[in-house]
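K.L.:
Pasting in a structure now, in structure tokens, and then I'll have a few things to ask.
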Amino acid sequence: MASRKSTSAFTPLPWSLSELKAVVPERCFERDLSVSLLFIGRHVLISGAAGYRAFDSYMAAHINDFANSYFVPQHLPNLYINITRWGLWSFYFFFQSLMFTGLWFFGHECIHNAISRYRQVDDVIGFLLLSFVGTPYYSWQFSHGLHHAHRAHAEKEPAYVPETRSSIAVPGGHDHAEYIEHFEDAPLYTLGTLIIRQFIGFPLFLLGVRTDNRKADTFICHFLPPRGVFKHRYNGVIISDIGLIIMGYLLLRTSQVYGLSVIVKYYGIPWVLLNNWIVLITYLHHTAPKIPYYRGKAWSFLRGALSTVDRNLLGEWGRFFFLNAAHCHVAHHLFPQIPWHHLPEATKHLKAFLGDHYVYSDEPAFKALWRSYTQCQYIDDEGDVVFYQNTAGSIPYLNASEHAVFELCPDSPIKPLGSVAISASRIDFQLRYSNADLASRTLPNGSDEYPHDDALL
């Protein structure tokens, strides 16, 4: 379960970004191209070897015959032979999808200039890697920079934008029965929508199905240069499209030589599973009942960066295949240029310093996915600091005594919004809870430095 250790309710962050940076050893910020290329080469070789072995067995004797000849005695029924054959294929699909995800995360490292000290070198490497896995490099580089720049901003966050009460027509009252009636979709329907989102959610995001700003309804298709946020980045979008076209042409030519089934088995299915891993990891990073969203002056880069969750996704497998991305996302949002292999050390120091402000979860990944998907339904339309609410219309992680009272300082009148949102005319306020043992902290005004663009990308 996600936890803030001893503190069971939300308290704002009292430190500045420079104070947090001072906690992290300088060596964590060192970027060594040779070390990065060694790790990238390792992933490429393992992925290539897995594909070659499967392809070699396909061309020489086929995996079907491989199963017949080496694993299953011939006197056993065909059912067992088929199980063995599909077991081998399933293992390849699963393993190669993990390797593809690792390559995608190396491309993500390049976007943040975390591979080397040279922006152009990182761009070339990232362009090749992300084009291979079907992601437009320069287009996504910009939209991902927007995500880092506006993380947890209730109106400007471009990824995983929370629904609001009005956008999904949730009743405005507090009758429990009204909420249950509104969210009475059958579990099978909910599961179906979750599965669809897992496998095609990221391609739909790239196509612009989701918007980056609810009010402006900005079009953010990553493939069309003249539109929306990319209208002044024509060359980058075109180059990204060319990379994808070349990759598509190579796949087409391969299918003409070896057959479409080869492309589907060796690239297509692992690519679909790759999209599942991307959505799973990024969704669980940024969606949890304990994670706040901010509006107006309540938002800052630092508060947004800490509105993330570190998760023990797949244990040591996740560290190897996903480059510590799931385990060390808080440190990444604070300092995106820290190379992935230095993130565990940076996380160790930040975790010790942040204390209750560091959010970590060791909940099993798919259990956490279901809980967040069903519990984090929407946020209120108003309020400077808001949390996800569940089908009962309450904040899942706060108990009744904690969320019954959110008082502001006398000179900052509260705007009544029930028990789930905080709003004030000034940002210099203290949060005081009904629990007498909960310490209050002051929200500092202007203490969170906003990093320059090159620190975000």
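If you go along the chain as it appears here, the first residue is 1 and each next one adds 1.
Placed from the backbone N, Cα and C atoms, the Cβ positions cover glycine too.
In TrEMBL, annotation is done automatically, which means it is predicted and not curated.
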K.L.:
Of the ranges 34-54, 118-138, which one does TrEMBL list as transmembrane segment?
P.N.:
118-138
K.L.:
Given the transmembrane segment (264-285), which of the listed stretches 86-106, 118-138, 188-209, 234-252 has the most Cβ pairs that are under 8 Å apart from it?
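P.N.:
Ranked by Cβ pairs under 8 Å, first place goes to 86-106.
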K.L.:
Mean pLDDT over the domain 'Fatty acid desaturase' (89-360): what is the value?
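P.N.:
Taking every residue of the domain 'Fatty acid desaturase' (89-360) together, the mean pLDDT is 88.
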